[in-house]
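Undergrad: Starting off with a structure, shown below.
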Amino acid sequence: ATPVTSPFAPPQETLIGKYGEGTKLIYELQDQGGELLALRYDLTVPFARYLAMNKITNMKRYHVAKVYRRDNPAMTRGRYREFYQCDFDIAGQFDPMIPDAECLKIVHEILSDLQLGDFVIKVNDRRILNGVFAVCGVPESKFIPACSTVDKLDKMPWEEVRGEMVGEKGLSPEAADRIGEYVQLHGGLDLIERLLQDPQLSQNKQAREGLGDMKLLFEYLTLFGITGKISFDLSLARGLDYYTGVIFEAVLLQQEKEHGEEPVSVGSVAGGGRYDGLVGMFDPKGRKVPCVGVSIGIERIFSILEQRLEASGERLRTTETQVLVATPQKHLLAARLKLISELWNAGIKAEMLYKKDPKLLKQLQYCEDTGIPLAAIVGEQELADGVVKLRDVATREEVRM
């Protein structure tokens, strides 16, 4: 078996079936021995496999690594075929909604600290969705296709989603209309209470369980003080089929709102949920380990931050170099090499230009371009006096030492 760090994973039937409509985006390949492999599509399935293979029943971990999608790239929106994800997961048997609330707290903390602007974290539960489908007269065999269609509500108006449900997914127009009454709802504790009283939904066991847990979750999120950014949203479905309970997705909102309209979404930057059945699928004895986790889309966040930097015209310091070793005259390469070696040995991050006789102006310009704060200058006079001239690049102040 390949270790957890490997981007290769055997595309077992169980696994392929769990990615919903994402299956067509999996990179499949054959190795020299003809074994069928696939490049990993996310970090969740390899994590579940790792827990099962090593018989781990309890773990909290984060993992930053590359994943692969056979997608049509859209560079400006931060959609790539090879990109980094940052996942954190809590695996183990715990009381309901405590680890789930912590995952949402962490997403809230990350998005607040990165100052990406306004955001909302949508929350729903697969059991509530399945309950909605059941009471609306959808046969169980069509739950998953209905789910992947509802998931498009953030990109398409209800009319189009309804059309796809009836036209492509074979739902009856009546069922589609009844689903529409539910999936366009969003709110907070008040909505949860209202649905718990709903004469049809409250009759469904799955929906009742999901709503009970959702109420608990909102109580914990209130204690964490983050409900202002959380929305219980019945249209949230998440396209992946391995979710079993609570699901969530963090969406950035556009700054410019037209005359008091609802803020527009820029796109999803994080998503996750509870997947209690996944580890059991990889365990030969089918032993289950309950898990909940989140994936942060690093590339998408980067592309937003880059666009913002470009618009503001700010310079971003892209190096940790503390000092550039510079010389003002020719034939002083030896002095630079000796000084930089001393600095390196002392653990100071130093650079020099890879030229025998660079012009001083060029060296100082390099400091300005890259954001190196100091220049250590050794000229003939400094060598004779046994000193180094240290120059603050921004203020142009100099001291001899």
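Glycine is treated like the rest: Cβ placed from N, Cα and C.
Not my notes, these are from TrEMBL:
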{"type": "BINDING", "residues": "Asp42, Leu43, Thr44, Arg69, Gln85, Asp89, Arg238, Tyr242, Tyr243", "note": "L-histidine binding site"}
{"type": "DOMAIN", "residues": "62-328", "note": "domain 'Aminoacyl-transfer RNA synthetases class-II family profile'"}
Undergrad: Return the residues near Tyr243 (L-histidine binding site), defined as same-chain residues 6+ apart in sequence whose C-beta is under 8 angstroms from its C-beta, sorted by sequence, else 'none'.
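TA: Result: Arg126, Gly273, Arg274, Tyr275.
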Undergrad: Give me the non-local Cβ neighbours of Thr44 (L-histidine binding site): same chain, 6+ apart in sequence, Cβ-Cβ under 8 Å, ordered along the sequence.
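TA: Asp87, Asp89, Tyr242, Tyr275, Leu278, Gly293, Ser295 - these are the non-local Cβ neighbours of Thr44 (L-histidine binding site), listed in sequence order.
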Undergrad: For the L-histidine binding site, please report the maximum Cα-Cα distance among Asp42, Leu43, Thr44, Arg69, Gln85, Asp89, Arg238, Tyr242, Tyr243 in Å.
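TA: Site span for L-histidine, by Cα atoms: 21 Å.
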Undergrad: Near the Cβ of Asp42 (L-histidine binding site), how many other Cβ atoms are there if near means within 10 Å?
TA: 17
Undergrad: Let's check the environment of Arg238 (L-histidine binding site): how many other CB atoms sit within 10 Å of its CB?
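TA: Result for Arg238 (L-histidine binding site): 23 other Cβ atoms within 10 Å.
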Undergrad: Around Gln85 (L-histidine binding site), how many other C-beta atoms are within 10 angstroms of its C-beta?
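TA: Looking across every protein chain shown, the total is 19.
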